[in-house]
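Pulled from TrEMBL:
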| type | residues | note |
| --- | --- | --- |
| SIGNAL | 1-21 | signal peptide |
| REGION | 50-117 | region 'Disordered' |
| COMPBIAS | 54-92 | compositional bias 'Basic and acidic residues' |
| COMPBIAS | 100-115 | compositional bias 'Basic and acidic residues' |
| TRANSMEM | 124-147 | transmembrane segment |
| TRANSMEM | 159-177 | transmembrane segment |
| TRANSMEM | 197-214 | transmembrane segment |
| TRANSMEM | 221-237 | transmembrane segment |
| TRANSMEM | 249-276 | transmembrane segment |
Amino acid sequence: MTSRLLASALFAGLAAGLASAALQQWFTVPVIEVAELYESGEMTHDFGQAAAGAHDHGDGHTHADGAADGHSHAADAADGHSHAATADDGHSHAAGADAGHSHAADAQGHSHGDGPEGLMRTGLTALTTVLAMVGFGLLLTAGFSLAERLTGARIDLRAGLAWGAAGFAATQLATAVGLPPELPGSAAAELGARQTWWVMAALGTAAGIAVLAYVPGPARWAGLVLIAAPHLVGAPHPDQMWGVVPPELAGIFAARVLAVGAVGWLVLGGVAGHLWSRARPA
């Protein structure tokens, strides 16, 4: 049983981790790189009004003229948090810059990941993703074992997909309702409070789904209470929204993170369920 659990978790986690890492590099990492430019002040967003001393490129991005230190701060910015950087270093962010350095909202052509440092960052991100999915795979297959022993349920590909969907709902969808995925430079509440609420939401949703799926009779509806409880308490949020990242970019990022997460969890559950059924003793 132990070897069956470990083998299913390992191979499923590896498959899901590699799939997720590839999708992250294509869909979410480019958006993060653009957000880092806003966070550093290399790019700025005027929220619909021209920033003082900056020229508008017509795409909502402004770049201050001739800042001596390469980092201009407009004192009269409407939100008190405008950061504009000079373009004198030859680093153009126009929509069609000749250098081929485009910062369109989907950031598909962004190239800050090139070079040894970029390759190292890509490799570490992929490794972290794979290890995380292997860890989730261990939890998933432990759940398989528990479900088979307590309820007599038979885990196969279809059941594995359902478990994967439940894992996505618990760890990403339900938590994103209160704390959506955040980009660098976004306003956020204190880290400890956010982590506490995230754990509450993830555990509450996982327990609630388990109760709905496996507890017979009217008592199963207690699962809805477990799912709703963290949201009734409410997720922690900052008193003021002061982030320097355009909200459109944050919306794109949140949607892509959830989409990539859904694919990863379905791959994890499907592969784990399939391997689990094949390794079942005759």
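Cβ coordinates come from backbone N, Cα and C, glycine included.
TrEMBL labels come from automatic prediction, so no person has curated them.
Packing against the signal peptide (1-21) from elsewhere in the chain are residues 125-126, 129-138, 140-142, 144-145, 260-261, 263-265, 267-269, 271-272, 275-276, 279-280: each is 6 or more residues past its ends and has a CB under 8 Å from a CB in it. Between the transmembrane segment (159-177) and the stretches 124-147, 197-214, 221-237, 249-276, the greatest number of Cβ pairs separated by less than 8 Å involves 249-276. Within the chain carrying the transmembrane segment (124-147), a Cβ under 8 angstroms from the stretch's Cβ atoms is held by residues 1, 4-6, 8-10, 12-14, 16-18, 20-21, 24-25, 29, 153, 155, 160, 163-164, 167, 171, 214, 264-265, 268-269, 272-273, 276, all 6 or more beyond its ends. Long-range contacts of the transmembrane segment (221-237) within its own chain (CB-CB distance under 8 A, at least 6 residues past either end) are made by residues 174, 177-179, 189-190, 193-194, 197, 200-201, 204-205, 207-212, 215.
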